[in-house]
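K.L.:
Sharing the features that Swiss-Prot gives for it:
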- K166: active site, proton acceptor (ACT_SITE)
- H285: active site, proton acceptor (ACT_SITE)
- N114, T164, K168, R286, H318, S370: substrate binding site (BINDING)
- K192, D194, E195: Mg(2+) binding site (BINDING)
- K5: N6,N6,N6-trimethyllysine (MOD_RES)
- K192: N6-carboxylysine (MOD_RES)
Amino acid sequence: SAGFKAGVKDYRLTYYTPDYETKDTDILAAFRVTPQPGVPAEEAGAAVAAESSTGTWTTVWTDGLTSLDRYKGRCYHIEAVVGEENQYIAYVAYPLDLFEEGSVTNMFTSIVGNVFGFKALRALRLEDLRIPPSYSKTFQGPPHGIQVERDKLNKYGRPLLGCTIKPKLGLSAKNYGRAVYECLRGGLDFTKDDENVNSQPFMRWRDRFLFCAEAIYKAQAETGEIKGHYLNATAGTCEEMIKRAVFARELGVPIVMHDYLTGGFTANTTLAHYCRDNGLLLHIHRAMHAVIDRQKNHGMHFRVLAKALRMSGGDHIHAGTVVGELEGEREMTLGFVDLLRDDYIEKDRSRGIFFTQDWVSMPGVLPVASGGIHVWHMPALTEIFGDDSVLQFGGGTLGHPWGNAPGAVANRVALEACVQARNEGRDLAREGNEIIREACNWSPELAAACEVWKEIKFEFEPVDKT
């Protein structure tokens, strides 16, 4: 038979191409590959390239009907991971034609699809992706971005302050709205629905939206500042999600929220388009991310999920804290914080960035620091995250001994003190505690907060330092 030989052949014969020069239009991926014993690194890397692009386990005669050279993924470089036995970084280049325009869903179905269950691999982790401008330009991206958000809110020169309303489940809509009002009245910019607040028997979504809108307008009238509450529009169907977003728009509130991993990228992109068309900001929560990103040798690093979110669309996204209860190693966290905010990010392996990423004109996303943080953390957070961030204190506001509003006052005073000290040229890292103590002298609310949280630390070694 001419030109076709049935049977199984090594992937590396076709898909391992160390001489390949990557194109500007290729999507590049860096995989951490742990081959099964006896499987050579080149074969494992080639298998990843094949199974996430055009390959299948055997030769098929329909290969002759297309141009493999044009469409196949290529493993173009492999390097051993220093300090790890039998772990390699395999670099794979994918031709742009393999992916549907404007669909994170399709991109992930290929790149992190079936290949993760592949038998020749003991484990596989996607560490980073390089998205070429020729692909990122097919996405709308964030509904508004950092600059437009500041203009909408009329807040400049400092991080924004938020608070998740607790207890996360069980409050009635009226009491929930009351808690929102107190926090906003005290000086916060935003309050937040918890990620698992959708529309449960104790509080249906429409009631919550109404009482929260009332709280926002009352707090705005009293403070003269623009306020917001992240109304969680996440729902069981896309239609229901959009219905909730429409109601939020009708109420005239500035921002809604979505759980982008549990809701899914298709739903998220749908909502992001609606938000841009209707002037709503979109806050993104990353519930379920640790299922995907916490294992060091398998899954996907959060920096990839963060890039995907910037493409799919969101104006805020949770990004760990570096200092609180939820995990985050400083350099790695700052690496993907930059990937969210900046236009152009240089390759820097010490920060986990495997590829130079050029977002061209795609708007940036505000990173949200949230989880176990309180007033004593304020200098570190201001120093680490800078102005373009949202600092979110849940228990750190509502746990104040005098109530929610004084808790909000304490956080706002601490933030303003840190920003002023920084602008005066003081060193927040060294003088942080002193700056907070000085501010306590003219804010009894802050003094009370400092007393409550003076000893609390979450001291665990982070799991993932890579």
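Residue numbering: from 1, along the chain as shown.
Every residue gets a Cβ built from N, Cα and C, even glycine.
Fair warning: this is a prediction, and the values are worked out from it, not measured in the lab.
Quick one: how deep are these features, and who are their neighbours?
P.N.:
K166 (active site, proton acceptor) falls outside any helix or strand according to DSSP and counts as coil.
Of all Cβ atoms in the shown protein chains, 28 besides its own fall within 10 Å of the Cβ of H285 (active site, proton acceptor). DSSP assigns H285 (active site, proton acceptor) to a strand.
Spatially close to N114 (substrate binding site) yet at least six residues away along the chain are E51, judged by Cβ distances under 8 angstroms.
Its Cβ placed at the centre, E195 (Mg(2+) binding site) has 22 other Cβ atoms within 10 Å.
When other Cβ atoms within 10 Å of the Cβ of K192 (Mg(2+) binding site) are tallied across all protein chains shown, the result is 28. Reduced to three states, the DSSP call for K192 (Mg(2+) binding site) is strand.
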K.L.:
What is the number of other Cβ atoms found within 10 Å of the Cβ of R286 (substrate binding site)?
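P.N.:
For R286 (substrate binding site), the 10 Å Cβ neighbour count is 23.
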K.L.:
Could you measure the widest C-alpha to C-alpha distance across N114, T164, K168, R286, H318, S370, the residues recorded as binding substrate, and give it to a whole number of angstrom?
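P.N.:
Largest pairwise Cα separation, rounded: 37 Å.
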K.L.:
So, three-state DSSP: helix, strand or coil for H318 (substrate binding site)?
P.N.:
strand
K.L.:
Within 10 Å of E195 (Mg(2+) binding site) (Cα to Cα), which of the recorded positions K166, H285, H318, S370 do you find?
P.N.:
H285
K.L.:
Going by a 10 angstroms cut-off between Cβ atoms, which of the recorded positions K166, H318 has the sparsest surroundings?
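P.N.:
It is K166 that, of the recorded positions K166, H318, has the fewest other Cβ atoms within 10 Å.
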